[in-house]
């Protein structure tokens, strides 16, 4: 996930001179327009994540319409969900160049276009391009700015703000499941997708609400946090100083040289333009185009430098064994949460439980309980006597147990209980930023969390098609849940093993030194 230094909330530079000046804090930080940003992010989660969690309804319609295998058809949903997360690090380049507001508005148009074009699909492969790629990239272009802007506008209440905005996923899954089911029954799936495309244009409104902070506001934000959080800054510095020295990001001197050369180019163009005015008016148009292209080139190069240093300048992250184990866990974990949303409607149909499911869909049960799970697990993990890491692991164990036992349930009540447990235990998503910060420190939080999200996207990309492919071979969904649950368990085991290894290593060193 892209974020600059201001997004993280601490300035690790050496600006002691400026820091001594008293600067009045911006009233929009932790208040004022910041809550409009939370509302915007909340609506983005409803329209994007919520609609993606309701794709099981459309998946059944596509199976009946195109008569393709379940594995092939599931690629449509998984492409949209996976690409939304996978493109996150690359959307950061657009944010660095164009800003969050423009990126979100363009993404909203692209997402709506993907939904509308998918209404005219003649085969599944057409949906791969229109819905999977087009709508998926558009979703990623809106989702990432929605998360980044909340980080920019909040400092003291950042956890609360992110928690409130991400609850839109649960609300959206409940609302969009009911909406898509109603639209498909009343108007057919093609018109339903067309109407959903029109609704998705509201993402442009959400993007317009993402008013950027001025550089002055960002600077004042940094220094207010610095004056109130010197102890936290010292801890974060001591935590990551060695890794930064050993690996480091891009050096500042080449950037300064590049900026100087770029400014010289622009100045030379301006001098040529002034001379052109006196000589001939015919060259003015060409000179203005040259000046515009030069300015655009400078903007793109600066944005690329920020993006590159933000993601690829943090090579020290991969020297952390626990973080690498966390990435392996993320590659297996998210698919276990996504597979039920895509294939549960088909499972209910096979068990002849459609009548009960129409009254209260199982996916809606997951979505509603998921909201409470996020809040309750967050409150529990904030207790001073409770370890966030232990809460995170317990929630994972509960979720993997539910995934493994779900195929054994063949009544609506038993399925509803398991789905409620899946929704509650999957509330650990709200703990992922906290756990990531504990592993890598505050400085590398944004970069590390972006890598974790990308790994989740890969998991969402291959999970549902894999489950459909297993069904095409065995004609049962049982093995799909068993295999995904076992792979999920492997990821959890990696999380358990690595901390034990790191604890043993210092002890071995101390015994060797004692012998010497």
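Placement of Cβ uses the backbone N, Cα and C atoms for every residue, glycine included.
In TrEMBL, annotation is done automatically, which means it is predicted and not curated.
Here the structure is a predicted model, which means the values were calculated and not measured.
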Range annotated as transmembrane segment in TrEMBL, from 479-497, 498-516: 479-497
Residues flagged as transmembrane segment in TrEMBL, choosing from 302-320, 359-377: 359-377
Per TrEMBL record, range annotated transmembrane segment [choices 9-30, 75-96]: 75-96
Remote residues contacting the transmembrane segment (415-436) - C-beta distance under 8 A, at least 6 residues beyond either end: 159, 162-163, 166, 170, 323, 326, 337, 340, 344, 348, 353, 360, 362-363, 365-370, 372-378, 381, 388-389, 391-392, 395-396, 398-399, 402-403, 405-406, 409, 445, 448-449, 452
Among the ranges 103-121, 127-148, 160-180, 389-409, the one whose Cβ pairs under 8 Å to the transmembrane segment (192-210) are most numerous: 103-121
Intrachain neighbours beyond the transmembrane segment (448-467), with Cβ under 8 angstroms and 6 or more residues off its ends: 1-3, 71-72, 74-75, 77-79, 81-89, 92, 311, 314, 317, 323, 326-327, 330-336, 338-339, 342-343, 432-433, 436, 439-440, 477, 480-481, 483-484
Folded-back contacts onto the transmembrane segment (127-148), same chain, C-beta under 8 angstroms, at least six residues removed: 1-3, 7, 40-41, 44-45, 48-49, 52, 62, 75-76, 78-88, 91-92, 94-95, 100-101, 103-104, 106-115, 117-118, 121, 162, 165, 193, 203, 206-207, 210
When counting Cβ pairs under 8 Å to the transmembrane segment (160-180), the leader among 33-55, 75-96, 103-121: 33-55
Segment confidence, the domain 'Major facilitator superfamily (MFS) profile' (37-503), expressed as mean pLDDT: 77
